[in-house]
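The N-acetylmethionine annotation in Swiss-Prot covers MET1 and rests on a large-scale study or a structure entry. What Swiss-Prot lists as domain 'LisH' is 116-148, and the listing cites sequence analysis. If you look up Swiss-Prot, you'll see 155-212 marked as domain 'CTLH'. Residues annotated as zinc finger in Swiss-Prot, with sequence analysis given as evidence: 338-379.
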Amino acid sequence: MEQCACVERELDKVLQKFLTYGQHCERSLEELLHYVGQLRAELASAALQGTPLSATLSLVMSQCCRKIKDTVQKLASDHKDIHSSVSRVGKAIDRNFDSEICGVVSDAVWDAREQQQQILQMAIVEHLYQQGMLSVAEELCQESTLNVDLDFKQPFLELNRILEALHEQDLGPALEWAVSHRQRLLELNSSLEFKLHRLHFIRLLAGGPAKQLEALSYARHFQPFARLHQREIQVMMGSLVYLRLGLEKSPYCHLLDSSHWAEICETFTRDACSLLGLSVESPLSVSFASGCVALPVLMNIKAVIEQRQCTGVWNHKDELPIEIELGMKCWYHSVFACPILRQQTSDSNPPIKLICGHVISRDALNKLINGGKLKCPYCPMEQNPADGKRIIF
């Protein structure tokens, strides 16, 4: 993070110079335009009177040309000074970040096998669909000859259609979707449908007294949600008292906050993804975010390993030389460490539950077998190794 902070400081300096230069540029050009405008008015007045160009006006015109030239040269000179600041940002990036990252990953990651290429392409396509960049995703599918089923595309197409409508403050498609999936949303304890009805009611309130009767009529949609959202419904109904005076100057002015639209987009995305079995963030974006956290740590440990000449510590297999804390946001499943070998289990070495209930790794189980029998390391029970069952957390 220190490296990012160093680059950010240089970037802030450049942005401040750009801002100052822009303001100075604007002032200089406005003054120049005003000066030229005055001179033009004097010349027009002299032309109307039919008088020849006086020596004074000729001198003023020469001064005007010189002033324009000096101003342009000064602005160009100031602009050149900014170039050095921009180049310092590039130097700060080169100084604080190592561009050579191949040493922190296994060579197999860059293997050009067709299967791995398809997995990466599919991750990119899914990310593009989830971001609403449908045409780009289709173009990538055509160029990479990747076959994507319509069943895979359909949820993303529907999600993006509804989100586009919400961004345009059109609640119709979202309400229609929520009503058609009401039962499944209730199973998820989702309040999406209520929030959509509430936002529609607030839009009617924003219409003022002319929409009062329509708002009262629409309030009937709150009846199914009265038990769970009684307090919020009471607040909305109470706001009707201030409708003629203006909600923006009432205790209910918070109802008109524009942040409700951003909130409904987030709620819809989260609940719709849960209902459709999709992740809120694409696997590609999660992997990228995790990599941004892990890469600086891995670069540091790589430098330490090379400095101490103990390269055998990191053999580029399925585990890292140190644990990297990615935060709770990146926790998707539990992790089991074998209490015998003190190693984290993996797909090739999964956790095994013994008959007695104790859990060890498969590698530990194989090492404990003696004469075709297995004695639990934690209790006196002896058992057949084949009776062990794999556990999936």
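Cβ coordinates come from backbone N, Cα and C, glycine included.
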- Secondary structure content of the domain 'LisH' (116-148), with strand meaning DSSP E or B: 26 helix, 0 strand, 7 coil
- the zinc finger (338-379): which same-chain residues, six or more beyond its ends, come within Cβ distance under 8 Å? 318-319, 385, 387-393
- Task: For the domain 'LisH' (116-148), could you work out the same-chain residues 6 or more beyond its ends whose Cβ comes under 8 Å from its Cβ atoms?
- Result: 156-157, 159-160, 163-164, 278, 282-285, 287
- How many of the residues that make up the domain 'CTLH' (155-212) does DSSP mark as helix, as strand and as coil? 47 helix, 0 strand, 11 coil
- The correct DSSP tally for the zinc finger (338-379) reads 7 helix, 12 strand, 23 coil
